[in-house]
């Protein structure tokens, strides 16, 4: 018995990869897509495969028997789709970011009322999730930490969101600490990178890079390094796949991919 | 109140580092050493510091109030020291390898009878322990794995013990899998490394290397790498220090440093 | 005055990238393409831009004033195109492999007779060319060498062509040497990798990898590493661009990108 | 016929390693040392081997036939020793830093007058010399560059001298360039590192690190990395050894190890 899936947002960059992933996975069946496009144009690769595309979520859930909704749209529409799905006891896997706290709380309550699984994950990159989880553990034993994140030179902001999140998670388990020699001197400003509670963060930007991060832990006579290299959007698909499998056995709302994985 | 420590084997390479570590650690107090040397020579750096050296463990435990015995000798003498210590309710931290299963079982029972903590750890390198622990978790999600271990060119055997142990731990959580392309061809023998249940292991030997290992996990569009670099024997001291702290709260026998660490 | 370029093989994977590169480069002008397709179909992205596509090279060279032919086809057709171009004193930049020695000699002679530049390069990846060049120099000083090459798990052969080529180049400057400890033992077959004249080669294959190679040189107390990471076919374009610029000042045949670069 | 060597400064950290290296090298013969110690104490390991130690250079050069003086002292004494040696046509290999320009010019002139080789090298780490040399070449083709240098957390200044020197060398061959996205924003100050003419430099400081540097070059779809890892002072010995061999064939003054190596 294959898991019957609807994808909302099939034309987006993540959506296109998700469509491919669901079509390729033997245990999954793509029964439809939701695409709120103004004019009723066909999405070519979906039409070819005979996958119906609905402009309206209600209509979709009425026409099809659905096990899981994968929502990869934006917060505005996503909230409506998810609320509608949960009330019909259709499980949700949601990659959308930008929900308000109130929206998150309402979705949580609705999932519970309907005993229906709902996974909301701002980041589906399994490798990045593991990197952050391992870093949190390692920081208990090695409090001297440097983060290097490397991205293509089209990225505007430094440090990256993942680097900031990693430092945030580490700070929860590590006592505040000033690193380096107490008399340390920067003869060129910025050489020692940014400091978040003493943790040093270095952002590299070069053509030819994609999205990379390493977290280096130093102890007497040894270093431990945890590194994630992401080459393309396909890296998110493994996380979505795992979420679909996990949500089938869930009866409630879970926030964050790390909380549905067996990380012991 | 400082923890009163006796070190057995203070002249060995690990022992010398352990003496330094205990003397440097403000919460620790080195109350004596056990050194089974035939002739009664003084160990110079211990004599200087006024640390008494006993040829006989019994005599040592009689003369001194001891909280923890750190044993860094060989299996033959270690077993006697540990048994004697446990019966006197002196906690033990043991880095010796080569015990028989029977010896291990007897020490376990004796620790229990005397409600006394005893940590036996074949490897005190905290970073290596974490590398193996993280690898075991990552392998659940990324079953395609390559291990690279790098050592100085004075090392005789390949692969290293840590690489073999890592593969062993991974095999416990990963289904057997043949990696690479099904039609893969080695045009030069050995290029694809050794295979342990499909996991590939590559051993590099060069002057200038010390002891390094990285475990690389591959998934669609991403890789995750966990790397440990060990520069010298000091890297073991953090593990011994942690074990001394943990054994103070233990009432029984534990095998393996990973089992006394908070790895959640 | 822009350089007037014709591309042979615009629909191939390299050809498509080359078309984009030439269109993007302000100093280059794409005056036409040669595409030996049986049916006279339009190549969509070329038609859009108004670039004429010729089935016949002769016709193309007759219709257009051409400074440089970039040939990215196969040896069979490439030889004819290049010979025709050289006789018309059109410079050639050729990425085709598989020419016979006789063909290479004839092209060389023809380039000379016509005082026309012709660069034949089996590899346009500038970073890989530099990696090999630097390795050849480093091997003079550090004769202990390990090569690690990493590719996606769809690659059939191990080691990669670049790894074999790198070892080949190193052997020209390094005395034959058996590396590692003289009593070295492989407890698992293949652990020490393949051996080419003592140089060790290790091939890793994982999903998520693209095309990577590092050459590690070991000496007393130090290692030197030269690493190339290739993410996609765009990495070849810089080499083609440089070749076009260099060929404008050449009056003869040169084999290998390394021989037109200023590597001093 | 072994090369007869005198070492000035045998008790320093570099000097001790140099003594060992010369004693171990079959083609070298250590005929004496110069050690300006106030009291006439014996240097234990030299006395054991029967190597005479002279407080006075003049006396040493009078008593012994010397091919090469290796000077590892400080600028003050070094200048006198080198001048004395050159006038006696004893070749010099000098690792001292801190000479004035005037001193350097006088040594150069004296070497020439006496047709005697003299190599003055502020850095004997062969791997670091190669890293800088290769970086200078690579920068011609890849002008987007990030330097990461990693040292133990006892180091006071950031960036390291080698990182500053590397950037200096690169600037000689690369046009000034602002790297990264033009609208780049640092949301945490220092994240993008120090900037030297646009080249970004990042300094990491952790216990467990020794002395490491990597220079990363980015181009479309590829990166090239040149990395040097130095584990201990032994890494300088290969450079001293090479200098001794080269100085035997020199008739003049050369500044910088890179200028006596065959780097083509």
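Glycine too: its Cβ is placed from the backbone N, Cα and C atoms.
Whatever TrEMBL says is automated annotation, not expert-curated.
The domain 'Dihydrodipicolinate reductase N-terminal' feature in TrEMBL is assigned to D:3-124. Annotation comment: TrEMBL describes D:9, D:10, D:11, D:12, D:13, D:14, D:95, D:96, D:97, D:121, D:122, D:123, D:124 as NAD(+) binding site. Residues or ranges marked as NADP(+) binding site by TrEMBL: D:37. Among the features that TrEMBL reports, domain 'Dihydrodipicolinate reductase C-terminal' is placed at D:127-261. Residues or ranges marked as active site, proton donor/acceptor in TrEMBL: D:151. The (S)-2,3,4,5-tetrahydrodipicolinate binding site annotation in TrEMBL covers D:152, D:161, D:162. Annotation comment: TrEMBL describes D:155 as active site, proton donor.
Location within the structure of each feature annotated in TrEMBL.
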{"residue": "D:9", "record": "NAD(+) binding site", "Cβ neighbours (10 Å)": "25"}
{"residue": "D:11", "record": "NAD(+) binding site", "Cβ neighbours (10 Å)": "17"}
{"residue": "D:13", "record": "NAD(+) binding site", "Cβ neighbours (10 Å)": "11"}
{"residue": "D:37", "record": "NADP(+) binding site", "Cβ neighbours (10 Å)": "11"}
{"residue": "D:122", "record": "NAD(+) binding site", "Cβ neighbours (10 Å)": "15"}
{"residue": "D:124", "record": "NAD(+) binding site", "Cβ neighbours (10 Å)": "24"}
{"residue": "D:151", "record": "active site, proton donor/acceptor", "Cβ neighbours (10 Å)": "25"}
{"residue": "D:152", "record": "(S)-2,3,4,5-tetrahydrodipicolinate binding site", "Cβ neighbours (10 Å)": "17"}
{"residue": "D:155", "record": "active site, proton donor", "Cβ neighbours (10 Å)": "17"}
{"residue": "D:162", "record": "(S)-2,3,4,5-tetrahydrodipicolinate binding site", "Cβ neighbours (10 Å)": "22"}
Problem set entry | Protein Cβ atoms within 10 Å of residue D:95 (NAD(+) binding site), excluding its own | 25
For this session: Give the distance between the Cα atoms of residue D:162 ((S)-2,3,4,5-tetrahydrodipicolinate binding site) and residue D:97 (NAD(+) binding site), rounded to the nearest whole Å.
Result: 14
Problem set entry | Annotated NAD(+) contacts D:9, D:10, D:11, D:12, D:13, D:14, D:95, D:96, D:97, D:121, D:122, D:123, D:124, maximal Cα-Cα distance (Å, integer) | 20
For this session: Go through the recorded positions D:9, D:11, D:13, D:95, D:155, D:161 one by one and keep only those whose Cβ is less than 8 Å from a Cβ of chain A; report them in sequence order, or 'none'.
Result: D:155
Exercise. Can you count the other CB atoms that lie within 10 A of the CB of residue D:161 ((S)-2,3,4,5-tetrahydrodipicolinate binding site)?
Worked result: 13
Exercise. Cβ distance under 8 Å to residue D:97 (NAD(+) binding site), same chain, sequence separation 6 or more: which residues?
Worked result: D:75, D:122
Exercise. Expressed to the nearest Å, what is the distance separating residue D:151 (active site, proton donor/acceptor) and residue D:95 (NAD(+) binding site) at their Cα atoms?
Worked result: 22
Problem set entry | Proximal residue to residue D:152 ((S)-2,3,4,5-tetrahydrodipicolinate binding site) among binding-site residues D:13, D:37, D:124 (C-alpha distance) | D:13
Problem set entry | DSSP residue counts for the domain 'Dihydrodipicolinate reductase C-terminal' (D:127-261), split into helix, strand and coil | 44 helix, 43 strand, 48 coil
Exercise. How big is the Cα-to-Cα gap, in Å, between residue D:124 (NAD(+) binding site) and the residue listed as 'active site, proton donor'?
Worked result: 20
For this session: Sort the recorded positions D:37, D:155, D:161 by C-alpha distance from residue D:95 (NAD(+) binding site) and give me just the closest.
Result: D:161
Exercise. When you average the Cβ positions of D:152, D:161, D:162 for the (S)-2,3,4,5-tetrahydrodipicolinate site, which other residues in that chain have a Cβ within 8 Å of that mean position?
Worked result: D:149, D:151, D:155, D:160, D:163, D:211, D:213
Problem set entry | Rounded inter-Cα distance in Å - residue D:37 (NADP(+) binding site), residue D:161 ((S)-2,3,4,5-tetrahydrodipicolinate binding site) | 30
